[in-house]
Amino acid sequence: MRKYAQVLLIIPFIGMCVLLPIANRIEPYILGMPFLLFWLVLWMVLSSLVLFIVYKLDPTNEGSEYE
Amino acid sequence: MNSALIIIFITAAIALFLGIRASRGKEMNINEFAVGNKRFGTLIVFLLIAGEVYTTFTFLGGSGWAYSKGAAAYYVPAYICLAYVLSYWMIPKIWRFAKKHNVISQPQYFMKNYNSKALGVVVAFIGLIALIPYIVIQLKGLGIIVSESSYGTISPFMASTIGAVIVTIYVTISGIHGSAWNAVLKDIMILFVIVFLGIYIPYHYFGGIKPLFEAIENVKPEALTFASEGYSQSWFISTIILNAFGFYLLPQSFSVVLTAKSERALKKNAITLPLYTILILFAFFIGFSAIIQVPGLQGADGDLSLLRLTMQTFDPWFVGIVGGAGLLTALVPVSVMVMSGAVGLMTGFYTLLRPNSSDRQQLLVSKLLVIFIIVTAYVFSIIGGKALAILNIMSYGLITQLVPAMIFGFFQTKFMNTYGAITGIVTGVSIVLFNAVTSFKLADIFPNIPSIINDINIGFVAIAVNILVAVGVSLATNSLDTRKSPNMAEEFIK
């Protein structure tokens with residue numbers, strides 16, 4: 001299963017593109033930012049998190065770095 | 001001589017010194033020159049990749065777009081972030097192939113992957129026409145930054161000239177190493193400047209980030225969301241996906257990938273880089289602040305919003321630091337661009353003409369091409385012209401036409417061969433160029449389509465046609481040429 005961890009990389013694309021229509025608004029303000037801007041920033045943080053998870057799951061990252 | 005000018009000059013001198021010194025103790029050969037012998041660690045690769053993002057665009061364009069176009073500016077961090085996400089899947093494949101086949105440039109990658117010299121030439125040519133406008137914009141941006149922050153003491157023309165000379169000297173001496181050393185200095189400076197300005201200015205003028213946006217909401221609420229037409233959601237989505245795929249195909253980003261010493265260095269960077277993208281936010285805060293504080297900048301002058309606001313707010317010595325950081329944000333990317341462009345041309349054309357050329361000849365030719373490219377860009381930056389602005393808008397549209405050939409190239413497949421790749425790329429590029437000249441919209445062809453489709457980035461449309469043509473031609477010509485590169489597939493299966 002862990003071989004397919006990279007499929008998770010689609011999640012940020014869903015967040016920024018597919019879910020965009022629900023985020024295209026000013027209210028509510030979060031962390032001082034209009035909602036649209038907050039939403040995109042949130043996905044930058046989540047992208048990083050998704051990549052971290054994929055990296056940990058990815059079996060090719062185990063063992064020595066250099067072959 | 002004012003204090004701003006002194007600080008800018010000191011920065012320029014340090015950049016030149018670091019750039020030259022970077023090659024000390026290195027035996028310079030073409031591999032060392034182009035990709036640092038593929039020995040760069042995680043941090044340097046990080047700074048070089050980030051360096052390609054935090055260009056003069058962050059300074060001028062990021063704040064300028066927020067100023068003049070509002071939320072449309074968000075496309076920049078969005079596509080860069082998605083490019084990093086995608087890179088985790090895409091980049092290790094490219095790196096692995098390049099490592100195994102000793103590839104040092106993008107045209108060479110395609111040439112060896114498809115075992116086709118013609119494809120190498122096509123890729124080298126497209127890389128060049130996508131690159132030149134980029135370099136010109138950086139040189140122009142450099143001129144504006146230095147001229148403004150020296151309070152007009154140095155003319156933009158003079159500043160671009162000095163910048164071009166510095167880059168030429170250190171690239172011809174140190175190659176990618178000069179860029180790497182300066183990338184360190186540059187990122188420290190821009191990090192400090194952009195975060196400081198992005199926080200200080202909203203607090204100074206508005207009392208915080210939220211009050212800033214509330215003030216914008218009062219005078220210009222349409223700046224905070226996507227429009228229903230033009231810079232609409234469908235424009236945003238199609239553009240960020242297109243650019244995300246194109247990002248690592250820009251010759252300069254591609255070269256940086258090849259410098260990495262391990263696959264894992266690239267993957268680790270993919271994790272942290274999206275967070276680094278958030279920095280662009282601070283440039284937006286400045287641009288939004290300028291909407292209220294320095295209103296009335298029309299058209300391209302919107303790009304001056306950051307500098308104008310800085311000069312209105314701070315003493316000359318600090319303006320000098322901003323100017324110095326701005327100078328570096330032009331020098332580092334330009335140096336990688338001319339280097340990757342030159343090596344691309346060398347591997348694309350010169351090695352075709354002289355297949356048995358020695359390493360020293362290749363290095364010399366690359367250095368001459370560095371000078372050729374920078375002089376070309378410099379001349380364009382002076383005479384300007386509309387054709388160039390058009391090309392710049394289309395840079396991503398052009399370069400992404402290589403995406404299908406690259407991705408199909410990861411797999412052993414009958415759907416893509418050399419003939420298909422070339423016809424597909426040429427078709428896609430033609431559509432993009434034709435659009436650049438005539439600026440047609442889909443509505444001109446299909447009058448009744450809704451704006452949600454009409455706003456789709458033309459590059460996206462071109463790539464769809466590109467794939468159709470490429471696959472069609474490949475299937476039709478497979479009897480002539482089944483893909484001659486079986487060496488790819490086994491490497492990608494793991």
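Each residue, glycine too, has its Cβ placed from N, Cα and C.
Nobody curates TrEMBL annotations by hand; they come from automatic prediction.
If one looks beyond the transmembrane segment (B:6-22) by at least 6 residues along the same chain, the residues whose Cβ comes under 8 Å of a Cβ in the stretch are 146, 149-150, 154, 162-163, 166, 169-171, 173-174, 177-182, 185, 189, 317, 320-321, 323-325, 327-328, 331, 335. Feature annotation from TrEMBL assigns transmembrane segment to B:6-22 (among others).
With a cut-off of 8 Å between Cβ atoms, the residues of this chain six or more beyond the transmembrane segment (B:43-66) that come close are 72-73, 76, 80, 137-138, 141-142, 144-145, 179-180, 183-184, 186-187, 190, 194, 223, 250, 252-253, 256, 259-260, 265-266, 269, 272-273, 276-277, 279-280, 283-284, 286-288, 290-291, 302-307, 325-326, 329-330, 332-333, 336. What TrEMBL lists as transmembrane segment is B:43-66 (among others).
What TrEMBL lists as transmembrane segment is B:72-91 (among others).
Residues or ranges marked as transmembrane segment by TrEMBL: B:157-176 (among others).
Here TrEMBL flags B:188-206 (among others) as transmembrane segment. Within the chain, the transmembrane segment (B:188-206) has long-range Cβ neighbours (under 8 A, six or more residues past its boundaries) at 11, 54, 58-59, 212, 215, 279, 281-286, 288-289, 292-293, 306, 309-310, 313, 321-322, 324-325, 328-329.
The transmembrane segment annotation in TrEMBL covers B:235-258 (among others).
The feature transmembrane segment is assigned by TrEMBL to B:270-297 (among others).
As annotated by TrEMBL, transmembrane segment applies to B:317-343 (among others).
Here TrEMBL flags B:364-383 (among others) as transmembrane segment.
Annotated transmembrane segment per TrEMBL: B:389-411 (among others), in sequence order.
If you look up TrEMBL, you'll see B:418-438 (among others) marked as transmembrane segment. If one looks beyond the transmembrane segment (B:418-438) by at least 6 residues along the same chain, the residues whose Cβ comes under 8 Å of a Cβ in the stretch are 110, 114-116, 118-119, 122-123, 126, 390-391, 393-394, 397-398, 401-402, 404-405, 408-409, 458-459, 461-463, 465-467, 469-475, 477, 480-481, 483-484.
Counting only same-chain residues 6+ beyond the ends of the transmembrane segment (B:458-478), those with a CB under 8 A from a CB of the stretch are 238-239, 241-242, 246, 394, 396-397, 400-401, 403-405, 408, 414-417, 419-421, 423-425, 427-429, 431-432, 435, 441-442. Per TrEMBL, transmembrane segment is recorded for B:458-478 (among others).
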What stretch, picked from B:157-176, B:235-258, B:270-297, B:317-343, B:364-383, has the most CB pairs under 8 A with the transmembrane segment (B:72-91)?
B:235-258
Report, as numbers and ranges, every residue of the chain located at least six residues beyond the transmembrane segment (B:157-176) whose Cβ falls under 8 Å of a Cβ in that stretch; write 'none' if there are none.
12, 15-16, 18-20, 22-23, 26, 28, 32-36, 139-140, 142-143, 145-147, 150, 182, 255, 259, 327, 330-331, 334-336, 338-339, 367, 370-371, 374, 377-378, 381-382
Tertiary contacts of the transmembrane segment (B:235-258) (same chain, 6+ residues out, Cβ under 8 Å)
34-35, 38, 45, 48-49, 52, 72, 74-75, 78-80, 82-83, 85-87, 90-91, 94-95, 98, 103-106, 109, 127, 130-131, 134, 176, 226, 266, 333, 336-337, 339-341, 343-344, 395-397, 399-400, 402-403, 406, 455-457, 459-460, 463
